[in-house]
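Only one structure is covered here, and it is reproduced in the block below.
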Amino acid sequence: MSLLGASTAALKRGLASSVSRTSSRGLKVLAVLYQGGEAAKQEPRLLGTIENQLGLRPWLESQGHELIATDDKEGPNSVFQKHLKDAEILITTPFHPGYLTRDLISKAQNLKLCVTAGVGSDHIDLNAAVEKKIQVLEVTGSNVVSVAEHVVMSILLLVRNFVPAHEMIERGDWQVSDVARNAFDLEGKVIGTIGAGRIGYRVLERLVPFNPKELLYYDYNALPAEGAAKVGVRRIEDLKDFVSQCDVITVNAPLHEGTKNLVDADLLSHFKKGAWLVNTARGAICNAEDVAAALASGRLAGYAGDVWNVQPAPRDHPWRYMKNPLGGGNGMTPHYSGTTLDAQARYAAGTREIIENYLAGKPQNPANVIVGVGKYETKSYGQR
Ligand code: NAI
């Protein structure tokens, strides 16, 4: 098949990549990864770092391709912006996101494929990618268990007031009543998820053994009846009604036009007083100042998660220091729930598979395709 023929067939398939690369020129692959430092030198399984480069360098170079890996991602003189101009494949991660804005997309004349090593591609202007026929794929499912486990841990540490209790021990103090006064059981609580996709559903599955009073979900995509019955979850179609019923809310929806700033002062005013909120989805889904104010006033008893509206989070970000009136209720971490060593192995392998398919002109796994050639393929980034 001629190169042109392969390309046309691929376009017709919609999900496949461009031309077969086996006999063509080497291409430029640009990867924006995080600085791993000493840890990455000592631990080669830290694959998502610029030191270990998702394990891709030997393989890409053996195929005659060029790999530029950098953590330098901000501003016009950054390595990211410099090499974006002629890179054909861009690899990014949600952990240290290379923000691919509409403006940068317009300058990326050679860009055909963006691969998110992980899950969540909101750091890319997806509408602009659709218009420019740049495909956006992610390694769907690669870290959903990792995140679901982190969510359950975060719910428990908030409800049981774990962080202040541990800090008390480190300080050398011992005053049980100071921490027990705000510690509860998860059993008997109403727990709800905003978004009941791969992560949200896995969170629900893991909560069943805690004997909650009820499990609820809010999502424009209904769960299959069998899946809903298996975990005994009830769907609530109105968001304010949903939040007003929950003791614990976990956010598991992607960031898009319909979820940006979704949890703001207005929605928080409909939460139960003293509710706990866990957000491992994306920082910008929750309004930073409104959440901090709700925690300070006691409207929220706790907020936990690992995602921030800019990453790395600035030193003065309110979520680093916010507390409830009793001095607890903060379960924030840097963005790492989806980057356990187990997850890194899976998303590194998945990134390579996506690039292999692209180079060979093979169809991609449809579940990985967020934006195909000129259109959204996912149903998760808003109702279109
Ligand atoms: P998924 O695509 O399987 O499920 C997302 C669900 O959210 C879908 O059911 C969708 O209909 C729903 N949804 C979308 N907009 C909504 C809205 N306005 N209201 C309610 N529900 C809505 O995605 P998955 O794998 O469950 O991941 C979800 C998100 O979690 C990712 O997009 C990413 O932002 C985040 N994530 C965070 C990680 C971390 O390390 N903290 C790692 C992996 C994912």
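Yeah, the Cβs are placed from backbone N, Cα and C, and that goes for glycine too.
TrEMBL has this to say about the protein:
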- 60-365: domain 'D-isomer specific 2-hydroxyacid dehydrogenase catalytic' (DOMAIN)
- VAL119, ASN143: substrate binding site (BINDING)
- 153-336: domain 'D-isomer specific 2-hydroxyacid dehydrogenase NAD-binding' (DOMAIN)
- 198-199, ASP219, 254-258, THR280, ASP306, 335-338, SER380: NAD(+) binding site (BINDING)
- ARG282: site 'Important for catalytic activity' (SITE)
- HIS335: site 'Important for catalytic activity' (SITE)
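When the Cα atoms are compared, ASP219 (NAD(+) binding site) and ARG282 (site 'Important for catalytic activity') turn out to be 16 Å apart.
For SER337 (NAD(+) binding site), the nearest neighbour among the listed recorded positions (VAL119, ASN143, ARG282), judged by C-alpha distance, is ASN143. Taking each of the binding-site residues ASN143, THR280, SER380 in turn and counting other Cβ atoms within 10 Å of its Cβ gives the largest count for ASN143. Across the structure, SER380 (NAD(+) binding site) and ASN143 (substrate binding site) are spaced 17 Å apart at their Cα atoms.
A C-beta separation below 8 Å, combined with a sequence spacing of at least six in one chain, links HIS335 (NAD(+) binding site) to PRO94, PHE95, ASP306, VAL307, TRP308, GLN311. For ASN143 (substrate binding site), the nearest neighbour among the listed recorded positions (ARG198, LEU255, GLU257, THR280, ARG282), judged by C-alpha distance, is ARG198.
Across the fold, the C-alpha of THR280 (NAD(+) binding site) and the C-alpha of VAL119 (substrate binding site) stand 12 Å from each other. In sequence order, GLY120, ASP122, ALA281, ARG282, ALA284, ILE285 are the residues near LEU255 (NAD(+) binding site), counting only same-chain partners six or more apart with C-beta under 8 A. Contacts of ARG198 (NAD(+) binding site) defined by a Cβ separation under 8 A and a same-chain sequence distance of 6+ are given as VAL119, THR140, GLY141, VAL144, in order along the sequence. Within the same chain, residues at least six positions away from GLU257 (NAD(+) binding site) with a Cβ under 8 Å of its Cβ are GLY382. In the three-state DSSP scheme, ARG198 (NAD(+) binding site) is classed as helix.
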